[in-house]
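**Q** Please find one structure pasted underneath; my questions will follow.
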Amino acid sequence: MTKLLMINAHPHTTVPSASLTVAASFKTAYQQTHPHDEITTRDLYQDGVPALNDTTFEAWRKRKYGEELTSVEAELLSRHASWLAEFLAADKIVFVNPMYNHFLPAELKQYLDLTAVARKTFKYTVNGPVGLLPDKHVLHIQAAGGYYHQPDQHNQVEAGDPYLRGMMQLYGIQDYRTIFIEGLDQFPEQREQAITAAQVAAEKLAGEF
């Protein structure tokens, strides 16, 4: 069974989210065109990304030298392993997020740190790193208040999508697609039009993804 993993990296607010709205349209259309696929949604804000902190590094050190872990350390490493296994098991992955200060939300960056594991998602060779996940497919849905992916619209200050694309390339993933919902704050009168256009694009892409 084909597995689709949706990574929601958007805080829960009372203001409707453009990226989550478009992602919902994609999911509905995908379910209709892929009725037998398994869809899992991972909410980074609600679930809490397993930490990469002092406790993590101490637990790794203890495990390396065969020392006994505390219950907190064991639970943390168990969550790391579980989340990584979920990522590895997915055939298709959809990242959904707003753009924060020309980059990704911190929770999504932390998730990428969690999945960047040598000998799992990539390996080191004498010729440099080689990705281990060439058969996966990725879609990135991102919303922004301004324009960053139009001709002459400050493309150089948008670092989030290029970073995500680069990480997927590190993992060996070449099929990487994007849907950008932009200009939402710069031209608020065109907000609904921009969201609707992105929903149409998402529904179309869902059928072939």
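Think of each number as a place in line: the chain as shown, counted from 1.
Including glycine, each Cβ sits where the backbone N, Cα and C put it.
Residues or ranges marked as FMN binding site by Swiss-Prot: Ser17, Ala18, Ser19.
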**Q** Tell me which residues of the chain lie with their Cβ under 8 angstroms from that of Ser17 (FMN binding site), as long as they are six or more apart in sequence?
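**A** For Ser17 (FMN binding site), the qualifying residues are His10, Pro98, Ala143.
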**Q** Within 10 Å of the Cβ of Ser19 (FMN binding site), how many other Cβ atoms can be counted across all chains shown?
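**A** By my count, 26.
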**Q** Helix, strand or coil for Ser17 (FMN binding site)? Use DSSP.
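**A** In the DSSP reduction, Ser17 (FMN binding site) maps to coil.
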**Q** Suppose the FMN site is Ser17, Ala18, Ser19. Which further residues of the same chain have a Cβ inside 8 angstroms of that site's Cβ centroid?
**A** His10, Pro16, Leu20, Thr21, Val22, Ala23, Val96, Pro98, Ala143, Ile181, Ile195
**Q** Using a Cβ-Cβ cut-off under 8 angstroms and a sequence gap of six or more, which residues of the chain neighbour Ala18 (FMN binding site)?
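**A** Listed in sequence order: Pro98, Ala143, Ile181, Leu184, Arg191, Ala194, Ile195, Ala198.
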